[in-house]
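Here is what TrEMBL says about this protein:
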- 1-22: signal peptide (SIGNAL)
- 32-60: disulfide bond (DISULFID)
- 74-225: domain 'Cupin type-1' (DOMAIN)
- 120, 125, 130: oxalate binding site (BINDING)
């Protein structure tokens, strides 16, 4: 009986190490269409009902059950609604929209910008490098290198221009033209993640102690409190 318990423990440990070490892993088969509902996973559902397991990605369905719709997303030609405070709209196409992207290490986004200042504000993608191509308009883009240099690298882009934002670095896109701007971004992860700097710092839940932010940003505490109320 002890031998059986040891064998089960060993198998579970191996599975846990596999899940923990994976990071947008290279696929070991043609594709691995994600399962949103683990009830469709058969033995997977039994395993999850017994053990609390989180995987780095998504479980896969039987490849024989894959269809064209698992690799398809319609409507990226439709402009995003930029009638908001930032004057921009990002339409993501990740593994959440195309289940067939699971394990393939890539995703896509359409970026729309209103004229005269549409902004995709400073943010990072913790799991992906981004490569952007401008289709319409004129964008001022840039990223900031890490400490200690904190160097700002910027460029004005026109239709057909391409720019790369390295993984994890703070970056932005800003429409400096008098017309709408449109760009397409490729990202090197099925789930690149998004950390908008202002929202994260001043809009966390629960809020960061204003004394911490006041000292970090060298601001009066009342200014910090006001900024927190805005996010």
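Yeah, the Cβs are placed from backbone N, Cα and C, and that goes for glycine too.
Sorting the disulfide-bonded residues 32, 60 by the number of other Cβ atoms within 10 Å puts 32 first. Rounded to a whole number, the distance between the Cα atoms of residue 32 (disulfide bond) and residue 130 (oxalate binding site) is 23 Å. One way to see the shell of the oxalate site is to take the Cβ centroid of 120, 125, 130; the remaining same-chain residues with a Cβ within 8 Å of it are 109, 123, 124, 128, 132, 165, 171, 173, 185, 187, 192, 194. Non-local contacts of residue 125 (oxalate binding site) by the CB criterion (under 8 A, 6+ apart in sequence, same chain) comprise 165, 167, 168, 187, 189, 192, 193, 194, 195. For the domain 'Cupin type-1' (74-225), the mean pLDDT of the prediction comes to 97.
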